[in-house]
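Quick look at what TrEMBL annotates:
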type     : residues : note
COMPBIAS : 748-760  : compositional bias 'Gly residues'
DOMAIN   : 42-454   : domain 'Amino acid permease/ SLC12A'
DOMAIN   : 485-572  : domain 'SLC12A transporter C-terminal'
REGION   : 580-616  : region 'Disordered'
REGION   : 746-767  : region 'Disordered'
TRANSMEM : 40-60    : transmembrane segment
TRANSMEM : 72-99    : transmembrane segment
TRANSMEM : 120-144  : transmembrane segment
TRANSMEM : 164-187  : transmembrane segment
TRANSMEM : 194-214  : transmembrane segment
TRANSMEM : 259-276  : transmembrane segment
TRANSMEM : 288-310  : transmembrane segment
TRANSMEM : 322-340  : transmembrane segment
TRANSMEM : 395-419  : transmembrane segment
Amino acid sequence: MANENSPLLAYRLLGEEGVSFPANGAGGPGGASARKLSTFLGVVVPTVLSMFSIVVFLRIGFVVGHAGLLQALAMLLVAYFILALTVLSVCAIATNGAVRGGGAYFMISRTLGPEVGGSIGLMFYLANVCGCAVSLLGLVEAMLDVFGADATGSSGLRILPQGYGWNLLYGSLLLGLVGGVCTLGAGLYARASFLTFLLVSGSLASVLVSFVAVRPRDIPLTPRPGPNGSSLPPQFGHFTGFNSSTLKANLGAGYAKDYTTGATMTFASVFAVLFNGELKDPSRAIPLGTIVAVAYTFFIYILLFFLSSFTCDRILLQEDYGFFQAISLWSPLVLTGIYATSLSASMSSLIGASRILHALAQDNLFGVILAPAKVVSQGGNPWGAVLYSWGLVQLVLLAGKLNTLAAVVTVFYLVAYAAVDLSCLSLEWASAPNFRPTFSLFSWHTCLLGVRKYLLRLDVRKDHVKFWRPQLLLLVGNPRGALPLLRLANQLKKGGLYVLGHVTLGDLDSLPSDPVQPQYGAWLSLVDRAQVKAFVDLTLSPSVRQGAQHLLRISGLGGMKPNTLVLGFYDDAAPQDHFLTDPAFSEPADGTQEGGSPALSTLFPPPRAPGSPRALSPQDYVATVADALKMNKNVVLARACGALPPERLSRGSGGTSQLHHVDVARLRIFLCLGPREAPGAAEGRLRALLSQLRIRAQVQEVVWGEGAASSQEPEEEEEGDFVNGRRGDAEAEALACSANALVRAQQGRGGGGGPGGPEGGDGEEGPATALTFLYLPRPPADPARYPRYLALLEILSRDLGPTLLIHGVT
């Protein structure tokens, strides 16, 4: 049978059937007749066929058997909700002018430009190519299930040899048949679609009648191998007819192992089978035809879910996904439906792929590579694009892994549909003059929901460390003194979100107007002048601490929200005015810029004079750190970043950060051991971890804390945290001094290595340390100990040069 990762709901956005492609793009032989297709034949029939794919016969039992009726219905509602949102966007784009080859791609290309349309069209093209291969592999599996030499069906026609080579041969022969039909033209497929629709409808009708007409029966299940290759006793599934006890037993979920793969099913894995989001291409009648097709298929799926839950026990549903044949009045009719839908889906995918490729070639997006894809027959059929696509599908068939291909198809379609929704959203928000669709049952709300749903569907592991990026909120009081830190944070964000935050002290109730709004222009000019990629977020608050809480909560959008708070270090160093020394901020002596606007230096107050009161007390500073950790945000405290040379904060050639350039930066990791820890073991574990993470660094073990009380067990404290342990003030201060001395002793020692060099430090002198990273202990629970906490951090990082103290919440 077809694999469990094949989609149950399929709805495809492809090139439309029955549309001609003359060389001049303006019509041609066959075009008039092609456009005489009614809404039913031109839209409803092909759309229903794409949604009633092969797995409608093979995966109803899979979904209901594992998820239960209630969760299955919930999945169906969610799937159709996502489907409906994108259908609205596609309908809008499809009715924004005359549709030509490539369907929605053509309309996106003509509305947003060929570059945008080309990127989306390429996703659709690759999805269709892989989708064609998936359909053909599913058809081969369905045929071998009955006619294969190792078949488990009851027909007894075991005449086809099996194996990778044979399966590839069968798939290639079927592809040749499909390619031949597509080469003859979309018109032939359009006429054959109605016949396929009748066969599928007849098969489904026989299934629905069978639920009512067939009497209760026991259905033998395919034998499963037991432990050590032993055979298990025969098992039977039960078709009970309409039975309230059967329905009650099938209401709840019963996730178990999938008998075809041995993998244990979950809500997510079953939903992935139920929906992988394929949309059918539009024509002029797409709004009415598509909506009718979606409503019709939704009704049929609901009906099949209910009938299966009412009449089939859980064993039958979970152990025989093709049980429709076993309960059918005439099983060959079900097989006919399976084969017809699979063949239809493969032809639809190949035709759609060729039409999209032809449209891409017409836009000259890939130069001479796709020049042959422009060739069309006298009847307007792009046979050059068909041959291109046929060859690529043949290559994909070599994989022979339906599971893998189904996952690839899902990703391609979801990315493409998110792009379609995003395109529609951007056109609607921008009030683009060339976006005037005749279909008006959509709004920016539906587009935005569609984008969000598809991104959530794709981002199933969004919290995994492999996909993590630092998304920084840098809290700045006066940018005159924070300019080096502002640029350093721009490098550390590594392609993530970067927000510059500033808190203006005040209470809006006592002010005649909002003082924050006039400040945005100055901060945006600062971002431009400093040449950093950052957003600006300003707020008004009675205290800096409360303002920081506001910014941590409201900055960003959706998943793009700050996960890390960056603060300058709280010490007694006199503030510097970097505007006076930075060449990018040099300005005329009269205090004006080009055009007569005020100079940037006049828009920000001078730095705080030494000894003058601060806007943020030491108590509130540490409390702000504690607040961020409570809100599950990482914290970075940056000290002495003004000592970083300007060239290390600039952008290198090709946009490469000089601080991180492989020829400049060397990463050394010092593994701190307690006085009683044996060397070697911890270093080995760290080296293994670095190898898995593909981080090239030197590792050096260092022993510290010899002055600590010998009775103190290291496990009683968080590693490296001498701030919050049970030690007294004097002992904690001694440890902080010891750690500080250890780091200073190593800062000028290159370790004799570098990337690719020896990993152990040998004491050789090397380049001085550019930037030091230290562990930041969590603030104490007692606010009365905040001043002691800040004092210990000052001792720990004293005279270390540019330093980042970091606490990661995960």
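Heads up, the Cβ atoms here are built off N, Cα and C, so glycines get one too.
Please treat TrEMBL annotations as automatic predictions, because they have not gone through curation.
Residues 8-9, 11, 39-40, 42-44, 47-48, 51-52, 56, 60-61, 63-64, 68-69, 72-73, 76, 80, 83-84, 87, 90-91, 204, 207-208, 211, 242-243, 246-247, 250-251, 280, 282, 317 of the same chain sit 6 or more residues outside the transmembrane segment (288-310) yet have a Cβ under 8 Å from a Cβ within it. Distant neighbours of the transmembrane segment (322-340): 1, 54, 57-58, 60-61, 139, 142-143, 145-146, 153, 196, 199-200, 202-204, 206-207, 209-211, 213-214, 217, 219, 237, 239, 311-312, 316; these residues of the same chain sit at least 6 beyond its ends, with a Cβ under 8 Å from one of its Cβ atoms.
Restricting the average to the domain 'SLC12A transporter C-terminal' (485-572) gives a pLDDT of 91. Sorting each residue of the domain 'SLC12A transporter C-terminal' (485-572) by its DSSP state yields 36 helix, 22 strand, 30 coil.
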